[in-house]
């Protein structure tokens, strides 16, 4: 390809004459090389490398060496022979009239023809330097002993590494091969230039400048980019702040209006009560004075006019009073309707929505006050209230539930039976290792990696609990809350993604505001939750936010894993009151509790008590637990909290009297008491067979299983992990839905995720700024140390660029997913879209894909000033950043954070070294670094032409690149980015935590 291109170029050049030549003074057609001679010369260049000789040929060989075979000399064709310049097969005979090569041409040693010098070359007639004996400006000497053999023209055109004799020197430009002109002030001329290039700043280029100093423009670009980013950040932050302030003002006004309305209504009710009492006293006095007949007539008159009417203004403010107590406390008349749902649907503005929400909240507060602090009568009153929302009721009954690890066959639960009723709050208690969390996970369908036996009935039907996951709330033990969002933003995001799509905006606001109010989060609603590094709300408030994330989706079943751990008694009481409020709407609530206070203990409806090994000891109403254990000879001492006493017994801390039942027989007694089927091994066990029961209570495998080999245990553990992965995948991909709740689709969830990610990134602007700063410093260092050279077309500098940008951008991409794995697992288990989550993260990261190349090039490009344009470099660098970001996603999702950072640092270096050493291997073509470096080099090499043609072709052949593959390289990089994003998404969906 190189030979063909060079031959065509030289033949085309031979059709015209260099500027300044007299066409009558030379028989050029007879002296210029034909296509066959050009092909012979360039093939010799490829074979010889840097050695300065041409293979023997028809005119110059061992038996015939005429003057025209010397460097800088040529001959004409033999007389009577016509020369066809297009002939690529026949080698013409040129042996007569040998003279020095004419200006604008070069005559290689070993050839007797002339080849036109390419554009960008300077080929003048040489002169003999008598001091050195060399023909200047070239490096050949005339043959000794031949005084008539003078210095001729140029002797060779080769790559710049071999010789740059014919290259137009830097600081000059050569419009023709025989004309060299000084570069003017305000312009610069690189080596091999045919025209002078204007400097961006005229004062920065003196006469004969070889390049321009454009560092100042890079600094200006950095300043401009920084200003744009600051404007975007401040504008977005100001927009969000103003929006939050506006919402806060509307909310405060709505709260104030709702409280004033309630106070005015209370004043009116008090006045009416006083009037009634006054009327009743007047009636009594009249009865004593007058006769029965007169008293009856006076009684009629007192009913008609004895009760004072409220002032007109007061009546105008409260028109709903005349309609009865039912409408008390609801400002929905101002929103557009009498009923709750109607008012919510007709509320459109922020003010109307908040007025509606807080009107309902104040009404519910009044109901709670009238219900005697949630006593039994109060519960009945609230549960039968017409305006109280009733959610779908789910009753969960389970019988003989036994959980066994699939590989190791360890039993986690043993024959657990019972029922969880809607509208009741059940507490699951027991010593550590009793399987409390395992039981609730099994009920919720989250017990992965286990073989489950027994029966679980949903509302009396044998249906999969996974089909109801949209209306099941599961609060994990760890506080999995986004620390860089406020309390309200965390709750509001969950509400929008998990509440029914047909629910109006006002109803959703009401749900969120009710949860914030009931959990006592009103003072910190606009505060950041905080992280380990950055302090936010307190630990107790964070725990309540963790519970509120599930309460805002209005579940029918709410399962909580140790929600009161780490809370003080006041916070625990506040949480239990909020949960009992949920139970009044028909929610089935169960929770794991450790050492509740006596007050909290009495607020539970049911108690599930487990012994070690996952065996039930009691399951029933809290009020009957002491009566049951008293029948077994276990009496709680005075001033001792019953749950603490029972757990101490099961732990073995408290020793029972000899008259009481043996602790190890408590599960058996419970099963016999309820008529449950008792496993055979438990029947054969007696209170004296301590070893057997203790083995079961500890959840250990039988003795035969304990003798398994180490290899067998490893295989069992591996099967456990694989089974867990499969169950987690089956749970998350289950498409059956019996909840009758239609949540927002993927597109709308993508919108919600996009807004959340945008806020998070704005609040992480300092981290982004550090990333940009490090990238800019890398550009300065590499731009200063790794200069883009003409000989290699900048291959070295671009190699370091690929490594540095890949490493820094890949590590930056790790933060998108590695820090939020547990948040994603929780949201995915709740039924949120994985695709919407992934796409929102990737969309926000496109900002870095666009900005980071600008930051780097503003330093590297303006320190180096390569021949390729900044736009060409930017396009390639965008493709590189897009590619490595996808690789970073894969590492962040598949590996732990430490391992992901190590892989991100090693991979670019290893792939670059391998692709440079093994250029033609299949694996090298799979390395993105090979395509990135090729795209950079080609973009730069395309700006080299004319005299650079041999250098360009030789370098690209040596590196294994193709000059026409620039678009292909960019497309391959983009395809790599897409493929690695698909791999990352696949890993995110398939792989879960251990």
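The backbone N, Cα and C atoms fix where each Cβ goes, glycine too.
The following features are taken from TrEMBL:
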TRANSMEM  214-236  transmembrane segment
COMPBIAS  260-276  compositional bias 'Basic and acidic residues'
COMPBIAS  311-325  compositional bias 'Basic and acidic residues'
COMPBIAS  339-348  compositional bias 'Basic residues'
DOMAIN    396-637  domain 'ABC transporter'
COMPBIAS  685-695  compositional bias 'Low complexity'
TRANSMEM  769-786  transmembrane segment
TRANSMEM  798-818  transmembrane segment
TRANSMEM  874-894  transmembrane segment
TRANSMEM  967-991  transmembrane segment
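Counting residues 6+ beyond its ends, the transmembrane segment (967-991) has Cβ neighbours under 8 Å at 725, 729, 732, 817, 824, 834-835, 838, 842, 875-876, 879-880, 882-883, 885-887, 889-890, 892-894, 928, 931-932, 934-935, 938 in the same chain. Counting residues 6+ beyond its ends, the transmembrane segment (798-818) has Cβ neighbours under 8 Å at 767, 771, 774-775, 778, 782, 786, 788, 824, 841-842, 845, 848, 852-853, 856, 860, 877, 880-881, 884-885, 887-889, 891-893, 897, 900-901, 904-905, 907-909, 912, 916, 929, 932-933, 936-937, 940, 984, 988 in the same chain.
Counting only same-chain residues 6+ beyond the ends of the transmembrane segment (769-786), those with a CB under 8 A from a CB of the stretch are 222, 229, 796-797, 800-801, 804-805, 808-809, 812, 848, 851-852, 855-864. Beyond the ends of the transmembrane segment (874-894), by six or more residues, the same chain brings 801-802, 805-806, 809-818, 821, 842, 845, 848-850, 852-854, 856-857, 900, 903-904, 907-908, 928, 932, 935-936, 939, 969-970, 973-974, 976-981, 983-984, 987-988, 991 to within a C-beta distance below 8 angstroms of the stretch.
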